[in-house]
2 protein chains.
Amino acid sequence: MILLALPQSSADGESVGLIDALFMAVSAVCVTGLAVLEPGSDFSYFGQTVILLLVQLGGLGFMIFGVTVAILVGKVMGLKYRLLLQPTTNTFSARGIFRLAMTILLLALALEAVTALILTIHWSGEMGWVEASYASIFHSVMAFNNAGFTLFDNSMEDYLGDPLVNVSLSALFITGGLGFMVLVDLFRKRSLRKLSLHSKLVLVTSGSLLIGGFLFLFMVELFNPATEGLSLTERLLAAYFQSATPRSAGFNTVDIGNMLVASQFFIIVLMFIGASTGGTGGGIKTNTFAIIVLATINTFRSGHQVHAFHRKIALETVMRALAVVVSSLAWIIGTTLLLSITEGLHNVHFLTTLFDVVSGFSTAGLSMGLTEELSPIGKIIMMITMFVGRLGPLTLAYLLTYKQRPSRINYPEDKVLIG
Amino acid sequence: MILLALPQSSADGESVGLIDALFMAVSAVCVTGLAVLEPGSDFSYFGQTVILLLVQLGGLGFMIFGVTVAILVGKVMGLKYRLLLQPTTNTFSARGIFRLAMTILLLALALEAVTALILTIHWSGEMGWVEASYASIFHSVMAFNNAGFTLFDNSMEDYLGDPLVNVSLSALFITGGLGFMVLVDLFRKRSLRKLSLHSKLVLVTSGSLLIGGFLFLFMVELFNPATEGLSLTERLLAAYFQSATPRSAGFNTVDIGNMLVASQFFIIVLMFIGASTGGTGGGIKTNTFAIIVLATINTFRSGHQVHAFHRKIALETVMRALAVVVSSLAWIIGTTLLLSITEGLHNVHFLTTLFDVVSGFSTAGLSMGLTEELSPIGKIIMMITMFVGRLGPLTLAYLLTYKQRPSRINYPEDKVLIG
Ligand SMILES: [K+]
Ligand SMILES: [K+]
């Protein structure tokens with residue numbers, strides 16, 4: 001943060017100011033990508049490199065952090081991080097876990113390197129080799145970490161119709177968002193049938209959201225007069241990219257503000273769902289969303305257990321999913337109310353506020369314009385939201401709560417009507 | 001519906017048209033109170049009486065319907081309606097239940113009559129005895145049934161500073177919203193400590209929402225330039241009334257459109273929560289909301305059971321609450337998306353759409369102006385939403401599903417990560 005506030009970090013040699021530097025640093029570490037300044041034009045190469053390192057630290061570091069924590073404070077973090085290792089390693093020794101962390105690191109760097117290479121070749125004609133390799137590395141790191149910053153002042157809008165940029169970047173951020181348990185599971189099992197229930201749920205939910213989102217955005221935006229000049233290829237690519245990026249990459253190839261209200265609201269829902277546990281993305285997570293939907297369907301069918309792929313899902317899991325959804329909704333509603341008050345005098349529209357709050361909480365990074373107009377107090381509120389959203393309500397609760405002995409009193413049961 | 005489309009029902013002797021008559025009839029039967037026409041100026045006395053009867057039938061009838069259904073199709077409706085009788089009658093005989101239904105009917109008519117009498121005396125100077133008694137009966141019926149129609153074109157805005165109108169109407173609609181199990185429970189036990197868990201949860205949640213809502217609206221609206229001319233008494237009454245009416249009476253004493261965005265969004269949340277099971281109001285219900293919050297808190301505390309007032313809450317109850325919240329959210333999101341598309345060309349603001357959709361689904365009846373400008377297709381969508389919201393997702397699922405034997409396969413358990 002201090003580094004970003006240095007004059008050396010700024011494009012024009014004058015410090016960007018402490019609060020904006022702090023905001024950009026928080027946004028980078030949380031891999032959110034919401035920006036009060038443009039990484040491309042407001043920061044020097046030095047400043048951009050600081051952002052890049054913060055993003056790599058925040059995204060990839062958070063993945064490895066989970067593994068490390070599992071060794072150091074295994075008991076405090078409890079089931080979650082031990083579970084997360086079960087499918088990936090048979091040993092709980094420090095050495096086994098260190099090797100796993102190295103695997104993740106190498107895998108991530110390899111994927112980033114391959115994408116950067118492809119993009120360098122692709123962009124070399126347009127930008128020259130030096131600029132092209134710099135931009136390629138920067139955007140590959142942003143993509144794998146689902147960070148969403150770009151060096152261009154209009155995100156990826158210039159590459160709306162460029163299939164190679166669309167496909168290579170989205171492949172990278174979708175991979176980063178799946179979570180390393182799923183990646184390792186895929187790598188080891190090499191068979192869809194043998195995958196763990198977690199991997200199956202993540203893959204099916206992610207796939208469905210991608211296809212459903214693509215179809216919805218493609219059809220709805222046909223009615224948007226702003227898309228009139230686009231060719232069919234551009235429309236298809238735009239619908240695909242804008243359905244993938246809310247969960248939670250944060251690049252955009254069309255101006256979100258020019259989309260129809262229905263599309264904007266739909267993107268809010270996609271951002272809320274987000275990526276998957278153990279990945280570089282945010283949101284309530286595809287696996288949480290799947291559990292909530294399965295539990296609801298099960299209740300409507302008067303079923304006696306929540307199940308998927310011939311496996312029962314523990315009630316404890318459903319309760320955790322419920323807690324994540326309810327507390328996330330509560331946080332988003334509270335923050336939106338708060339910002340409506342603090343920023344209300346600026347006449348900001350409600351949808352813009354809701355959009356940017358969900359984007360910040362879900363570390364999506366897309367913006368309808370609220371963020372860059374935030375008051376200082378609004379910036380602080382948004383920073384806290386990005387941080388809380390990045391850690392996630394459950395992780396935060398575990399970190400804040402000392403291991404309190406849950407009450408073991410067995411209360412008699414009583415009934416409450418519902419519905 | 002046919003009756004409302006008759007020329008005799010219209011104020012100017014020309015039929016209001018089938019679709020608008022149908023909309024008003026659905027809104028009346030569902031005790032929603034959303035209006036495409038003004039009951040006061042667009043309908044004749046005959047038309048208004050039809051609306052009044054539809055409301056009484058829809059609100060009070062729905063209460064008694066539950067009891068009747070319990071006898072006739074006890075097995076189909078299952079646990080819910082039998083449970084609902086347990087605290088109120090010890091006999092499941094037809095005679096016992098008929099007596100209970102008569103008790104409800106008489107209680108409701110008595111409460112309506114008392115309020116109507118008070119209002120008649122209060123309004124007699126202003127309107128004359130005939131008009132005053134007519135208006136008093138009409139609004140008392142609307143209040144007990146949480147229907148929200150008024151004979152005035154600006155709802156209750158003329159009575160913003162009138163404590164008697166504020167208190168008598170709100171007392172009636174709050175009572176109607178509590179649900180008859182709670183009323184009978186209160187009446188029989190005459191001691192707060194001895195009340196059932198259901199009654200305690202309903203009373204505590206309703207009270208907290210009322211007090212919390214009052215404080216929030218009072219403080220936020222201090223910053224609203226539109227409230228400048230109001231006295232302290234008017235501000236206090238306005239904050240109280242507007243915090244009570246969203247769950248789900250539907251009268252308003254200030255123009256919702258002139259409130260601050262934060263207040264409008266807050267009212268959306270209150271409407272979503274709504275009144276209590278077994279009452280004349282809608283929404284997900286205070287009891288459902290309480291269960292969801294309790295379950296979330298329990299998970300954060302790593303507790304082993306959801307409990308309140310020294311009573312354990314069954315996991316089945318939590319699952320039902322989860323299903324109600326998730327399916328309600330899904331319906332509201334889907335309807336808002338749909339209306340954004342069908343009404344989008346009219347440039348309706350997003351908050352207005354969301355507000356009216358939640359209002360329709362929760363049978364609240366407050367409006368920010370979308371409803372009266374709906375296209376014919378939009379009116380149909382809104383009618384379906386009012387109907388689905390009135391029956392409630394769970395009831396609807398029971399009615400639609402033939403008693404299918406739930407699968408008894410016992411799947412092995414597998415773990416999914418959350419958070
Ligand atoms: K992001
Ligand atoms: K109503």
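Glycine too: its Cβ is placed from the backbone N, Cα and C atoms.
Residues or ranges marked as transmembrane segment by TrEMBL: A:16-37, A:49-77, A:97-120, A:132-152, A:164-187, A:199-220, A:256-275, A:282-301, A:321-341, A:348-368, A:380-400.
Contacts between the transmembrane segment (A:16-37) and the transmembrane segment (A:199-220): absent, as fewer than 3 C-beta pairs lie under 8 angstroms at sequence separation of six or more. Non-local neighbours of the transmembrane segment (A:282-301) in the same chain are 31-32, 146, 198, 201-202, 204-206, 209, 247-248, 271-276, 307-308, 313, 317-318, 321-322, 324-325, 328, 361-364, 389-390, 392; each lies 6+ residues outside the stretch with a CB under 8 Å from one of its CB atoms. Using a Cβ-Cβ cut-off under 8 Å and counting only residues 6 or more beyond its ends in the same chain, the transmembrane segment (A:164-187) has close neighbours at 59, 63, 84, 87-88, 100, 103-104, 107-108, 111-112, 115, 118-119, 122, 139-140, 143-146, 156, 195-196, 198-199, 202-203, 206, 210, 237, 240-241, 244-245, 247-249, 251, 253, 274-281. For the transmembrane segment (A:199-220), the residues of the chain that approach it from at least six positions outside its boundaries are 87, 174, 177-179, 181-182, 185-186, 192, 235-236, 238-240, 242-244, 246-247, 260, 262-263, 266, 270, 273, 275-277, 286-287, 289-291, 308-309, judged by C-beta separation under 8 angstroms.
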